[in-house]
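Participant: These came from TrEMBL, pasted as-is:
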type   : residues : note
COILED : 346-377  : coiled coil
REPEAT : 488-521  : repeat 'TPR'
REPEAT : 568-601  : repeat 'TPR'
REPEAT : 608-641  : repeat 'TPR'
REPEAT : 648-681  : repeat 'TPR'
REPEAT : 688-721  : repeat 'TPR'
REPEAT : 728-761  : repeat 'TPR'
REPEAT : 768-801  : repeat 'TPR'
REPEAT : 808-841  : repeat 'TPR'
REPEAT : 848-881  : repeat 'TPR'
Amino acid sequence: MAGFDLTHTTTRVLTCTGLVAGGAAIAAFAPVGAAGSLAAPVAGLASNVLANDIQTSLLSRSAKPGELFKNHDLTKLSGNAVRTCLEAVASDKSSGVAAADAKTLRKVGKAIEKRWEELTTMPEWQDDVAPVQGEQLTKVIVGEANITQAGIAQATALEPETWQEMVAVHARLNSWKLTPAAAKAAGGWLHQRFAQAVWELLKEDATGKGPGGGKAYAALQMTLLAEILQRLPDHAERDGETKELKKHQVKSARALREVIQGQVEQFRQHLDAEGAEKHTELLSTLATVSQDVGTKLDSLAMSLEVVVETTSAAREEARDHRAESLANQQEILRLLREDSRQRDSDEQLRTENENLRRELEEAKAGLERLAADAEHGNQRADEALASKDPAQVQAALMAMCDEKTEQAERTQQEVLELHREIAAIAYLRGDIKEAERRIRLILNQLPSDLDALNRLGLIRSLQGDLNEAECLYQQVEALAAGDAQILATAYGNLGNLYLTRGDLGHAEVMYQKALDNNEELGCKEGMVSAYGCLGNLNLTRGDLGQAEAMYLKSLEIGEELGCKEGVASAYVNLGILYGTRGDLGRAEEMYQKSLEIDEELGRKVGMASAYGNLGNLCRTRGDLGRAEEMYLRSLKIEEELGRKEGMANQYSNLGILYKTRGDLGRAEEMYQKSLGINVKLGRKEGMAIVYGNLGILYKTRGDLGRAEEMHQKSLDINEAIGNKEGMAIQYGNLGDLCLTRGDLGRAEEMYQKSLDINEELGRKEGIAIQYGNLGNLCRTCGDLGRAEEMYQKSLDINEELGRKEGMAIQYGNLGHLSRTRGDLGRAKEMYQKSLDINEELGRKEGMASDYGNLGILYLTRGDLGRAEEMYKKSLRIEVKLGRKEGIASQCGNLGNLYKIRGDLGRAEELYRKSLALFSEIGMPHKVELVQGWLEDLAQ
């Protein structure tokens, strides 16, 4: 505790008082962490400094009459805290408050402070909110309330909407212009920072220079410390003291919180009552004004009717008289020059008569309009009486203005909500430009709108601009301080972003924060999502046991909550996990359950996703016809929804399926469709995936230059967006390409880079794959010992993960290795193990490969009959799959067998079938190989 002079009793009292009371105040109002930081020094002082002289001093002062905790002791401080907050939001440029609104907010702050103090001195205030003192205080401090320090630290006074209402009412009562956006900004600011302002003013008040002149701080310290110190044992151990002090520190904070909360709430209620009374008076006055105006206008209208009729009759009579006079003196008039003037005078009379009639009719219509306006309390009626009663007219105009302002506010809010809905639908459909345009319109009006900032972050994340997305999510996190629900959403989005980057450590921290916030709020729906995200994280790491535990927790809470959408998502996640393990039957069960729920809910997005997952499962089993059906169902729904991201995914899945069949032309068409949509969306992660798929397709064709170009494009995008998992995959693909070219040194470099990234991520599935690739490299180099070591490492990881597909692949590789060594018995054992797993999985592509490998093994042994049996089994599966590459390979193998038998005609027939298929697919390196066989046959 360096920096504090504790040699004098007075200093010790003041220091301990400040720290302990400060701890209580911070526990009640300050941000998380502040309370904890003060707890330690307070506990230390409790053990070393709180001597008898301090206790005696505090207890004697607290026993004096009039020094108990009274409400008015904190009145000035609380009102001043409101004013301080409003002045701060008016001065802060980041708040987005315009200059005119800032000026109004400063005036509102002063008005609230003044009215707060006025109201709290009223007798009914003291009756409504009784002082916390004596037995009441003791009850508060040692009460049975289940309150924790963490809970108090999150406390804020009133909701933003209540503060907003308080600010708007003061502006309205004083006829100050204040936009709804400024009132909302002030409400949010007060909700988040009023508590901190109270604490800062308490510290200032402790010096005697604050708004309470030291009274507020004295009342606080006397009451709270007397209770705390009375309950501290004189000779307790330090741990016991610390525990006791913390307990009473936390409970004591309720006293301060209750009084200030009571002041705020009571003030708001007084404003509501006063505003309602004034509003009633104004409506009554306006009703009287309207009735009076209506009566007077009716009377005036009737009088004008009489005037119009009388004047018209007089004019008609005068005109007839002049006409008669003109007839009698016609001859004279023709001789006299007065004739023209008389005609002019007569015409003038008629004109004046018509003008007067028109003016009177217009006046009558105007009065009728005024009367109608008066009935609706409209402005023109008030203006008609302006000269008689300006005060009533002013009041009426103010009421009219308030009504129009409220209508404008409602309209603006409705427009903003429409922008949100349009943005959400546009995002779902993949119309990202329109979605962003609508979000920008919202942010132009409300720069700190958390929902809009979050949606913009999702768009940037979709587009692969992870840095800007991160900035937006962090902005939401900063603005939402104190709002645990919004913070949970921000943490979840940041977790997803870090997961995409491959930063699994940071992702886990964010997901855990999201879970903690949702648990604290008791928001089970949020917990469902958070557990699901933690499951995805562990699945990426390859920790399938922990992933399953998280998914099951998500499922359990979703079922308990009756949240069917969350339950469906949990089933999907479990399906993916069981599929990764190779338990395809259980995976299918999960996908079907998810589909049934989505169909029941009519949730088409979920249905499309379920069909896509079922398609992947059927493709893994080798049921390509059923897989195609599922993908097309998914695609149809996505097209109906106009959901472009989903369409891109299904085109990519269809591309993989057609490549598996050997229909490389159609596969390329699907990939290009997917790529086009992803480019239009600006969805970089999707573009990277498709470029990778195109690279594999071109490698299959033997176009290694184009394949390298595609893999490099994919790698560049993944590096740009920081997607480490994607980078690892493309390094592996480039390694395969280099191995095919025979560039073994570069192949090893690529495989090692991929392995390093997967190890950094803790991504066990990726590590297993790269060990297998390095094994292939070592076998090609002739280093069979190292190859076996790599294959075994890969196999061990796959067994640990329960990933049966990976196990089958490595058994097959170990079979190749044993066959190369000439250990055909061990080779057969390995191939058979691989075949058994693939049969268990129903993975037909793998079974076809295993039968082919066994055929080669029996051919090597000279057992041509068994070799033919194996080749034909493999061929039948390939034909059923429609997999042209596999058909071509087995035709070639059978050709070699018949050539050995001497059946050259049959051998040539099969070679030519193989050649035609490889040519159709576009695999020139295979075409060259088969042409060599035909040339050998011809010799």
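Every residue gets a Cβ built from N, Cα and C, even glycine.
What you are looking at is a predicted structure, and each value in this text was computed from that prediction instead of being measured.
Walk me through the surroundings of each of these features.
Facilitator: Tertiary proximity for the repeat 'TPR' (488-521) is limited to same-chain residues at least six positions away from its ends with a CB under 8 Å from its CB atoms, namely 150, 154, 454, 457-458, 461, 466, 469-470, 473-474, 476-477, 480, 527, 529-531, 533-534, 536-537, 540-541, 685, 721-725, 727, 757, 760-763.
Taking Cβ pairs closer than 8 Å, the repeat 'TPR' (568-601) reaches residues 528, 532, 535-536, 539, 544, 547-548, 551-552, 554-555, 558, 607, 609-611, 613-614, 616-617, 620-621, 765, 801-805, 807, 837, 840-842 in its own chain, all 6 or more past its ends.
Here the repeat 'TPR' (608-641) returns a mean pLDDT of 92 for the predicted model.
Using a Cβ-Cβ cut-off under 8 Å and counting only residues 6 or more beyond its ends in the same chain, the repeat 'TPR' (688-721) has close neighbours at 464-466, 500-501, 648, 652, 655-656, 659, 664, 667-668, 671, 674-675, 678, 727, 729-731, 733-734, 736-737, 740-741, 885, 921-926.
Listed by sequence, the residues of this chain that lie at least six past the ends of the repeat 'TPR' (728-761) yet keep a Cβ under 8 A from its Cβ atoms are 502, 504, 540-541, 688, 692, 695-696, 699, 704, 707-708, 711-712, 714-715, 718, 767, 769-771, 773-774, 776-777, 780-781.
Among residues of the same chain six or more beyond the repeat 'TPR' (808-841), those with a C-beta under 8 A of the stretch's C-beta atoms are 582, 584, 620-621, 768, 772, 775-776, 779, 784, 787-788, 791-792, 794-795, 798, 847, 849-851, 853-854, 856-857, 860-861.
Here the repeat 'TPR' (848-881) has, by DSSP, the following mix of helix, strand and coil residues: 32 helix, 0 strand, 2 coil.
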Participant: Restricting to the same chain and to residues at least six past its boundaries, which positions have a Cβ under 8 Å from a Cβ of the repeat 'TPR' (608-641)?
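Facilitator: For the repeat 'TPR' (608-641), the far contacts come to 428-429, 572, 575-576, 579, 584, 587-588, 591-592, 594-595, 598, 647, 649-651, 653-654, 656-657, 660-661, 805, 841-848, 877, 881-883.
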Participant: Which residue counts does DSSP give the repeat 'TPR' (768-801) for helix, strand and coil?
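Facilitator: Final tally across the stretch: 32 helix, 0 strand, 2 coil.
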Participant: Write out how many residues of the repeat 'TPR' (728-761) are helix, how many strand and how many coil, based on DSSP.
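Facilitator: Breakdown, helix to coil: 32 helix, 0 strand, 2 coil.
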